[in-house]
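Presented below is the structure to which this report refers.
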């Protein structure tokens, strides 16, 4: 019996499968009276190259990839007709996306309708404050609660020092240090995993996400990769996004390890992740201060007195430039696509008119 079949069997045995799938009033409010007649509410639980796997109250449904389908991702809610054909995609409560890997600027959807995101960073050579800031910008843009999970605490001699460095990014950040192989340690994360709640793990390859998923599930569902001791980089062990049902009733979305994650249209997320830097900028003498050599620059003053790290400020500027460039390029591509679509429709319309005139 495969994992997705077990998922649906467990779901059907509950008294309220839709609630356990993460159905909320937000989605209920989007329904019309017609939607209650001979329709099926389904959630995307896996996305593979061949199509989407959906979970419903009655079991699982497979939708083949087709040009008429909107771009969907794991966690999305959709409406199907009685023949299990796609009707429409419901508005999302939250959406995570990034620039697709590679040189081409294209948006890749990661997960939708998530309540809490566990940002996983291992306490070994992978520990990287700038990467954590990047993930925080992504999570804040989606307006989702972030929880920093510092993994492999058993392999680190200075856990408190590294945790303190992360806490300095934001005094209100929730941070948990865990050993993925210790059940008592990973149980700290269960308070976010109650019935109806959807959580997701994001992090780079080799940080121990699959080990944490196994710990929360209480079984060996995800394969785990060995770590090369010389550089602490793990093999990719999760290659597609999928949903798991947790013992406490919550929904867990696991994502592939991402060595590259570039931001697109993420200005608000960057602003929130670097709220301290922007608060300093409000006190600069000039409203258009570039925070370089201008007199009365509060940002440079904070760098000089040590209250703001040069690294953090440089990363703030880097992420702002990155999201602006990728966003502008993507907007241009969308505009060109719309123009091409309009041109195609006009050509087809003219062709039909000529055929009708004969």
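Glycine too: its Cβ is placed from the backbone N, Cα and C atoms.
Annotated domain 'CP-type G' per Swiss-Prot: 106-261, in sequence order, evidence recorded as sequence analysis.
Its Cβ placed at the centre, residue 203 (GTP binding site) has 25 other Cβ atoms within 10 Å. Among the features that Swiss-Prot reports, GTP binding site is placed at 151, 152, 153, 154, 203, 204, 205, 206, 207, 208, 209, 210, 211.
Per Swiss-Prot, Zn(2+) binding site is recorded for 284, 289, 291, 297, and the stated evidence type is sequence analysis. Around the Cβ of residue 284 (Zn(2+) binding site), 19 further Cβ atoms fall within 10 Å across all displayed protein chains.
Its Cβ taken as reference, residue 207 (GTP binding site) is surrounded by 30 other Cβ atoms within 10 Å in the chains shown. The binding-site residues considered are 209, 291; of these, 291 has the fewest other C-beta atoms within 10 angstroms of its C-beta.
Here the CA atom of residue 291 (Zn(2+) binding site) lies 38 Å from the CA atom of residue 209 (GTP binding site). Sequence-ordered, the extra residues of this chain that approach the Zn(2+) site, with Cβ no more than 8 Å from the Cβ center of 284, 289, 291, 297, are 281, 285, 286, 290, 292, 294, 296, 298, 299, 300.
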